[in-house]
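Heads up: the structure comes next, in structure tokens.
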Amino acid sequence: MAASCVLLHTGQKMPLIGLGTWKSEPGQVKAAIKYALTVGYRHIDCAAIYGNELEIGEALQETVGPGKAVPREELFVTSKLWNTKHHPEDVEPALRKTLADLQLEYLDLYLMHWPYAFERGDNPFPKNADGTIRYDATHYKDTWKALEALVAKGLVRALGLSNFSSRQIDDVLSVASVRPAVLQVECHPYLAQNELIAHCQARGLEVTAYSPLGSSDRAWRDPNEPVLLEEPVVQALAEKYNRSPAQILLRWQVQRKVICIPKSVTPSRILQNIQVFDFTFSPEEMKQLDALNKNLRFIVPMLTVDGKRVPRDAGHPLYPFNDPY
């Protein structure tokens, strides 16, 4: 079953369900990609920092292109610029490394992964002696200008942002000659992001939800935190529609035209996650799921300082999550 699409302002069609690859182990991700492509996925979400683009490239090389199972023009591939590569001189080399690893001539979408820059170099998490991150003063508006040059060169079809606040999006729009097409953020019924989605849609950006199932596999999970997949309303709808709780959460998103990139390396789940286009919730059922919102953000980069877990970047002037949305 192919996923339905949204139309980006660039004219590109972006499938509403893609395969996420964050936390997909090398050794597993190649088979996951190949399986996903055989069951109808046409959207793969990648990032340099995930450390698995080389293996994803092997899967794409075997499956995508002239005379192979999937024509390149049918596939939508996203990747992301890491924080150590924000300096304008580093942007194109970073993209070219991603393209080489993925064995692609162009990306359909390239996102700035976070608004703030880390110190330049090959260490992805440069640190001070006390364990805090070493930042770089490059502003995302300057990085954006360097990203725009990649579109002019035909290396990237569309640009976007990840983990930016509404204010930061407007800041980019104020200098952009190539407008961002997509914002990727954490989003699920506990963090519905209604204001941010409305903000984006009013400005011609589509929204992609990462961790759409609540990321229960994250390393720092607090055992006392609520579990989205176990919510009674989710369970009740799963029973009513004879679906899994995951399918209920994904259907809620695609029904509000939010793109989802659930990660899995398990074939049965990969298949299940795309089977969300043959049932529809009533407006009342959508409201029941909307009511789960508690602005609960799970994905906040953390550090251990003096034995305590603290948000790694919260003191940075460009930290996005200090803004209301």
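Each residue, glycine too, has its Cβ placed from N, Cα and C.
If you look up Swiss-Prot, you'll see A2 marked as N-acetylalanine.
Annotation source Swiss-Prot lists phosphoserine at S4 (among others). Listed in sequence order, P15, L16, V254, F277 are the same-chain residues at least 6 apart in sequence whose CB falls under 8 Å from the CB of S4 (phosphoserine).
Counting only residues at least six positions away in the same chain, the Cβ atoms of H188, L228, L229, A246, L249, L250, P262 sit under 8 Å from the Cβ of L213 (NADP(+) binding site). Taken from Swiss-Prot, the feature NADP(+) binding site covers 11-22, D45, 162-163, S211, L213, 215-216, 263-266, R269, 272-273.
Counting only same-chain residues six or more apart in sequence, the Cβ atoms lying under 8 angstroms from the Cβ of Y50 (active site, proton donor) belong to T21, W22, K23, S24. Look at Y50 (active site, proton donor): DSSP puts it in a helix. Under the heading active site, proton donor, Swiss-Prot lists Y50, citing experimental evidence as support.
Residues annotated as site 'Lowers pKa of active site Tyr' in Swiss-Prot, with similarity to another entry given as evidence: K80. Non-local contacts of K80 (site 'Lowers pKa of active site Tyr') by the CB criterion (under 8 A, 6+ apart in sequence, same chain) comprise C46, A47, A48, I49, Y110, L111, M112, H113, S162. A strand conformation is recorded for K80 (site 'Lowers pKa of active site Tyr') in the three-state DSSP classification.
What Swiss-Prot lists as N6-succinyllysine is K127 (among others). In sequence order, I133, R134 make up the list of same-chain residues 6 or more apart from K127 (N6-succinyllysine) whose Cβ falls under 8 Å from its Cβ.
What Swiss-Prot lists as N6-acetyllysine is K127, and the listing cites similarity to another entry.
Within the same chain, residues at least six positions away from K145 (N6-succinyllysine) with a Cβ under 8 Å of its Cβ are P88, V175. The N6-succinyllysine annotation in Swiss-Prot covers K145 (among others) and is backed by similarity to another entry.
Taken from Swiss-Prot, the feature phosphoserine applies to S211 (among others), supported by similarity to another entry. Other Cβ atoms within 10 Å of the Cβ of S211 (phosphoserine) number 24 in total over all chains.
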Tell me, how many other CB atoms lie within 10 A of the CB of D45 (NADP(+) binding site), whichever protein chain they belong to? 25
Expressed to the nearest Å, what is the distance separating G11 (NADP(+) binding site) and S211 (phosphoserine) at their Cα atoms? 26
Cβ neighbour count (10 Å, all chains) around Q272 (NADP(+) binding site) is 18
Quick one: among the binding-site residues G11, P15, which has the most Cβ atoms sitting within 10 Å of its own Cβ? P15
Show which residues of the chain containing L19 (NADP(+) binding site), separated from it by at least 6 in sequence, have their CB under 8 Å from its CB. A32, I33, A36, Y41, H43, I44, D45, I261, P262, K263, S264, I270
Counting every protein chain present, what is the number of Cβ atoms, excluding its own, within 10 Å of the Cβ of S264 (NADP(+) binding site)? 21
For the C-alpha pair, I'd like the distance in angstrom between Q272 (NADP(+) binding site) and S211 (phosphoserine), rounded off. 16
